[in-house]
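Asker: Have a look at this one.
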């Protein structure tokens, strides 16, 4: 009858664990959201618990050291970004959740950087902004555009959250534009503004599809072509001029050419056989500033291909030499018996002709082996 006791103990422990789990994981009120400045000190109270209440603190599910507590309060010194998280205070015995704080560590915003530019003149312009340093917490921006005393609409860019677009209402206006921007977050607020004339912010996008090619039979020429930026809406009414720069990769110094019109140029002073880098910029003929440089194009001037080493004269000379080496040696004349003098006898011509015949046979065999 003693066997059921351990089972009863296990059942009690399991029930207790279930109660604790339910208390620690049961639905609770939304945590209190709190923002604190980077580097500061913060004290987090355990809700309405007494100062001397026995509590345990956790952050993101991990127990915190008891030496961080001042009574039931949690004290954090020199806040760092890593201190951000969900802090929870539990009753030490029952593990009943007393309080939760969602802590965000960050900075107040510094003065924003604001700029405006017209790359679609004369349609309109856009303004963009950013903070010089991150705040690590959410920021809210508010933009106001004035043309004289008239408020203009600044349409949000669908792709870039820190940009908006304004349409020109009156071209060639002498009235200045004023753009103001304010930024705020849970830790502070800041603002800035700029004022400008319409023509001062005109700046096209860089030229597109820059291509450089060698010129056949011209070792010092490169032909460069490009296209007007696709964002420039009316190049006929508002023509662009171009600025071309180029240099060989072996040198650091650029050479420059300014072109009043056209979308092509031939470089005539390139170094033969050296790879070049070429870029082009654009500007309205009358107003505004130069665009940024285009994507770089690379090209090497034309070079003559090396000729074959064997020329026609060398081929003829080689053929003659080969033919001569294969010809048999001159035939040795067989002496007449009468020319041999006395004592030669009838066998003399036979004795003389044997070495000659052998020599001819050897020469023929040599020639045959060479031809094979």
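Glycine too: its Cβ is placed from the backbone N, Cα and C atoms.
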Asker: Choose the correct range: of 280-284, 285-289, 290-294, which one does Swiss-Prot annotate as motif 'WSXWS motif'? Give that range.
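Answerer: Going through 280-284, 285-289, 290-294 one by one, Swiss-Prot gives motif 'WSXWS motif' for 290-294.
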Asker: Once the chains shown are all counted, how many other Cβ atoms turn up within 10 Å of the Cβ of residue 60 (N-linked glycosylation site)?
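Answerer: So the Cβ neighbour count for residue 60 (N-linked glycosylation site) comes to 9.
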Asker: Would you list the DSSP helix, strand and coil counts for the residues of the domain 'Fibronectin type-III 1' (108-205)?
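Answerer: With helix first, then strand, then coil, the domain 'Fibronectin type-III 1' (108-205) has 4 helix, 50 strand, 44 coil.
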Asker: Over all shown protein chains, what is the count of other CB atoms within 10 A of the CB belonging to residue 190 (N-linked glycosylation site)?
Answerer: 16
Asker: Can you tell me the CA-to-CA distance separating residue 46 (disulfide bond) and residue 60 (N-linked glycosylation site), as a whole number of Å?
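Answerer: A Cα-Cα distance of 16 Å.
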Asker: Which one is it, among the recorded positions 70, 89, 142, 190, that lies nearest to residue 60 (N-linked glycosylation site) by Cα separation?
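Answerer: Checked the recorded positions 70, 89, 142, 190; minimum Cα distance to residue 60 (N-linked glycosylation site) goes to 89.
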